[in-house]
Amino acid sequence: MLKKANAANIQNWLDKINTYNSTPDFGTTRVLFTECEIEAREYVKSEMKKLGLIVREDSIGNIFGTLVGSQPNLPLVWTGSHIDTVLNAGMFDGMAGVVGGMEALRLIKESGIKFNRSIEVVVYTSEEPTRFGLCCLGSRAMAGHLTLEDTKKLKDENEKTLESVLTDLGYDLDKFKDIQVKKGQVFGAIELHIEQNNKLEKKGLPVGIVKTICAPTNYSVEVIGCQSHAGGTSMEDRRDAYTASCEIALILEKLALKCNSEYNTATVGRVEVIPNAVNVIPGKVKFSIDIRDCEFETKTELIEELIKEIKKVEEKRGVEVNLIKENNDVPMKCDQTIVDILRESCEEKKIPYDMMISGAYHDSMFVGEFTPVAMIFVPSKNGISHSPDEWTDYEDIALGVDVLAKSLLELSNKEKL
Ligand code: HGY
Ligand code: MN
Ligand code: MN
């Protein structure tokens, strides 16, 4: 019989992972392949080995901890998430799913219950776009949407390419093609993640089951106006790149607020003003656009509308706006059979739950391209995430793990979905 997940175990792992942090005075920062992230990787791998898992890594650093089943040649069951973070983040986004997966595999192993399909907890490389500006590098490569050629073009702020970082770390890039996962290799995947919104908390529910994962479209925007004197240039003679950028951001916000999809967001998160001087009219502004939607069609409509509006701003303000599309990802519908397994697990354990849309994207968005996926959410305090104030009670994670362990076990013994 499966025991209950141990919240103290979960807390110990999370607290230890959180010590691998480059900004201990301001939240948690663990950027891909920096010293602290590499140390965190080594720690997680050592803990997986202590659990008796067989540990391996692929050529982009996706880590796999395998609990071998009685029929190891059958397609695998997956769980897992990520351990890299945005800047000055919290300690649960991604880590809850990695540690939760490890605890689930511990419970399954110690239960002595026979299970057929091997079950793997996966640490996906670089779910966050923090270092190379593109999200989900590990799972994107698994789905065949990131090639070795792409790694030569992805550069960090020091102009270092992902390819050179992987090479320096000793990853075998001759095997980069082997990262791709073919349909049929994995039977199904369940990711546990913090909700990163406040809906569970508002309803007083400990667990959410995700029906759709929103997908991002990201742009790098450059607005070119005319740098000039803040006092000597009359208001009517200006081509102010910053006020033009502000107008575009407010148009974007308005379009998202009136969008008719079930869930849509739009954010300008990063802004660079050039020359960024008190008495100089900005001649150039670079900023990011992040648009999410649970439907590809409504996201596309919003983008088409935005581009039309940007043209009007260009004419009215005499500025030039260049949009570079970084990625244009497709929302992922979760697999109904696995969703039903999660629902039955909650109902059997008398755990109240709600069906949800994930405004955040996750590796499951790409994993779902080669295997059926579903996700379990646990509550975020005040709905805060991507912030030092991110918090999820360890007991809530443990409850999510109870649902996860039971569901993974069921998947492992299931003939077909
Ligand atoms: O931005 C996201 O949705 C994810 O948390 N990286
Ligand atoms: Mn995140
Ligand atoms: Mn995440």
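Glycine too: its Cβ is placed from the backbone N, Cα and C atoms.
The following features are taken from TrEMBL:
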type: BINDING; residues: His82, Asp93, His193; note: Zn(2+) 1 binding site
type: BINDING; residues: Asp93, Glu128, His386; note: Zn(2+) 2 binding site
type: DOMAIN; residues: 219-315; note: domain 'Peptidase M20 dimerisation'
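A map of TrEMBL features onto the structure.
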residue	record	DSSP class
His82	Zn(2+) 1 binding site	coil
Asp93	Zn(2+) 1 binding site	coil
Glu128	Zn(2+) 2 binding site	coil
His193	Zn(2+) 1 binding site	strand
His386	Zn(2+) 2 binding site	coil
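DSSP places the residues of the domain 'Peptidase M20 dimerisation' (219-315) in helix, strand and coil in these numbers: 40 helix, 28 strand, 29 coil. Apart from the site residues His82, Asp93, His193, the chain places the Cβ of Ser81, Phe92, Gly94, Met95, Ala96, Gly97, Glu127, Ile194, Ala360, His362 no farther than 8 Å from the centroid of the site's Cβ atoms, the recorded Zn(2+) 1 location.
The residues near the Zn(2+) 2 site, meaning same-chain residues not in Asp93, Glu128, His386 whose C-beta sits within 8 angstroms of the mean position of the site's C-beta atoms, are Thr85, Val86, Ala89, Gly90, Gly94, Glu127, Gln196, Ser385, in sequence order. Take the CB of Glu128 (Zn(2+) 2 binding site) and look out to 10 A: across all protein chains shown you find 22 other CB atoms. For His386 (Zn(2+) 2 binding site), the count of additional Cβ atoms within 10 Å of its Cβ stands at 18 [all protein chains shown]. Annotated pair His193 (Zn(2+) 1 binding site) and His386 (Zn(2+) 2 binding site), C-alpha to C-alpha distance, rounded: 13 Å. For the pair His82 (Zn(2+) 1 binding site) and Glu128 (Zn(2+) 2 binding site), the Cα-Cα distance reads 9 Å.
Cα separation, His386 (Zn(2+) 2 binding site) to Asp93 (Zn(2+) 1 binding site), rounded: 7 Å.
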